[in-house]
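What TrEMBL annotates here:
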SIGNAL    1-23  signal peptide
DOMAIN    52-177  domain 'Corticotropin-releasing factor binding protein N-terminal'
DISULFID  60-81  disulfide bond
DISULFID  104-141  disulfide bond
DISULFID  183-205  disulfide bond
DOMAIN    185-306  domain 'Corticotropin-releasing factor binding protein C-terminal'
DISULFID  237-264  disulfide bond
DISULFID  277-318  disulfide bond
């Protein structure tokens, strides 16, 4: 299976395992050849480039990475369902309600969450999102026709729903819009290259990679103001308003992960680290006083790399089954 598709399976299975109390390492069974893995197909994207709208039915647990119109119709009571939406790092997601037929008074619900939430952990974390957690939920049963279009603050969003009556359901249209300054991002793939820029904004931005990886930072600019680099403390990042930290862990929420390294000095060159955790996060903290910028690349860590340790790598403590 191509690595880009492993990501989709990974999260769908985590959610299923969390719901059933099973191990996260499950085997995919009875999956059709074209769904959900067709969603990232370049052939499909070319076919749809002529202005056609992609349409298909939703499963109770599903993931989408393409624009289109999607319908869920309950064939039986469905009490724990969720659909995860993901775009490219430079994209925001808009979800429009086209048709909704659910029984709110009977216990049904249909909610959009700005980000992802799994096993009680959120991305972006409450520390990194511009809205308080209560405002990140949009409940159709409470808003009704008032808010039929919801846009995300980053490249991921989700809906979760409960429908008791067979035949009831909903239809949504998913669109993507450009984001000039991507902040919080979940990577679709276990390898890539990205530049994060925070231009005079007081905010924290996290880039999450749901894989053990080798991450290499090639360029870091902190405290850049009017062409001048401000001096930083000589030891550590304590008291510094602008810095980058690397985090590792097994959950989704960066605020609950282990701090592995802090970088608070600008540099041009290469700093590499192997992180054997299930989730790797590069997080930039910005005071809003300066223009901060970091460029990095990453690729999935394999067993051979954990054995062949290099001098310029900091070996991390958690090496799960890889």
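Even glycines carry a Cβ here, placed using N, Cα and C.
Automated prediction, rather than curation, is the source of TrEMBL annotations.
Feature map: annotations from TrEMBL on the structure.
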residue	record	contacts (Cβ under 8 Å, 6+ apart)
60	disulfide bond	72, 78, 80, 81, 82
104	disulfide bond	140, 141
183	disulfide bond	124, 128, 153, 154, 196, 198, 203, 205
237	disulfide bond	243, 245, 262, 263, 264
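Within the model, the domain 'Corticotropin-releasing factor binding protein N-terminal' (52-177) shows a mean pLDDT value of 94, rounded to a whole number. With DSSP states grouped into helix (H, G, I), strand (E, B) and coil, the domain 'Corticotropin-releasing factor binding protein N-terminal' (52-177) comes out at 11 helix, 67 strand, 48 coil. Within 10 Å of the C-beta atom of residue 264 (disulfide bond) sit 21 other C-beta atoms, taking all shown protein chains into account. Cβ contacts within 10 Å of residue 277 (disulfide bond), excluding its own Cβ and spanning all protein chains shown: 25. Comparing the disulfide-bonded residues 81, 205 on other C-beta atoms within 10 angstroms of each C-beta gives the minimum for 81. Counted within 10 Å of its Cβ, the other Cβ atoms near residue 141 (disulfide bond) come to 15, all protein chains included.
Summarised by DSSP class, the composition of the domain 'Corticotropin-releasing factor binding protein C-terminal' (185-306) is 7 helix, 70 strand, 45 coil.
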